[in-house]
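Visitor: Take this structure first; my questions come after.
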Amino acid sequence: MDFLVLFLFYLALVLIGVVTICICSKTHYLKGLVRGGAQIISYIIPECLQRAMLKLLHYLFHTRNHTFILLHLILQGMVYSEYTWEIFDYCQELEFSLHYLLLPYLLLIVNLVFFMLSCVSNPGTITKANELLFLQVYEFDEVMFSKNMKCSSCNLRKPARSKHCSVCNRCVHRFDHHCVWVNNCIGAWNARYFLLYLLTLTASAATMAVVSTVFLVQLVVVSDLYLETYVDDLGHFQVIDIVFLIQYLFLTFPRIVFMLGFVIMLSFLLGGYLCFTLYLAATNQTTNEWYRGDRAWCQHCPHVARPPSAEPQVHRNIHSHGLWSNLREIFLPATAHYERKKI
């Protein structure tokens, strides 16, 4: 029963991670999936429960709240507690290098620093005081971002590459996306914190996966378990294979195997999202621009005014100036130092 509860818990956490990454990326596939799922649910679940679920989803994903921050910290605490109580002690008995075992804790400290900075830092909120300053930072491409556009909510002129966040109810300079895990927008001034947070989180999950795998392999080698034989259902002696070893380790160290499976899946999920984020940084794009531009054509931009008979305009990334310049723009955002001094 305990195994089943652990399995369902870890599965739920992985699914939450997948859904959240998809929501942050705003993929077309997710929208179709949500629409299809909503139609199915409407025939199964009573209307009162549907309304309650919609209210809950609206609270979680469309209002600022600390739910996912708490979930993030609880999840990290559980994984590191399991690592400390189980793997760390066993590895010390097997005489693993202490520096090797302490690496996940170092990554945790660095990750929590950048997590906190991503949560509390100003992403680049556009106000009356800095509106004119931001209007001069980026060039308008007249396809995705046009001059003299005003935000209907903030009543401010919209600088190029900015967007109004409906969750935070503010316009953000070089808006990337709103991340529920940090309960904050990701914009020009905190994109570097978010990138380093994502990098260290991926590295900590991958490091734990490597340490746990090496521990289990070392355990099998030291005990000479792979040289043993067993009797199958037909009464024949069989050499222990990889399937039998996994079953044996699962029955002997269930929590470690569950944790290993979880951090491996998390490493792949975070690694994929990290690669996407690095690609955007290297090409000087934001998630918002990548989505709206549809990679080649800007045909779905509601704010671009053009005659119905006009030819569709090609969206070109005019802000990319080479790899190092693009990365420097992430880590040394324009106007950040000046604006903070002014504030």
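Yeah, the Cβs are placed from backbone N, Cα and C, and that goes for glycine too.
According to TrEMBL, the protein carries these features:
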DOMAIN    147-292  domain 'Palmitoyltransferase DHHC'
TRANSMEM  6-25  transmembrane segment
TRANSMEM  59-80  transmembrane segment
TRANSMEM  100-120  transmembrane segment
TRANSMEM  194-222  transmembrane segment
TRANSMEM  258-282  transmembrane segment
Visitor: Look over the recorded stretches 59-80, 194-222, 258-282 and say which has the most C-beta pairs under 8 A to the transmembrane segment (100-120).
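Guide: Between the candidates 59-80, 194-222, 258-282, the best contact partner of the transmembrane segment (100-120) is 194-222.
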Visitor: Same chain only, please: residues at least 6 beyond the ends of the transmembrane segment (59-80) with a C-beta under 8 Å from a C-beta of the stretch. Say none if there are none.
Guide: 13, 16, 20, 23, 104-105, 108, 115, 119, 166-168, 180-183, 208, 259, 262-263
Visitor: Would you mind splitting the domain 'Palmitoyltransferase DHHC' (147-292) into helix, strand and coil residue counts from DSSP?
Guide: 81 helix, 20 strand, 45 coil
Visitor: Summarise the model's confidence over the domain 'Palmitoyltransferase DHHC' (147-292) as a mean pLDDT value.
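Guide: The average pLDDT of the model in the domain 'Palmitoyltransferase DHHC' (147-292) works out to 89.
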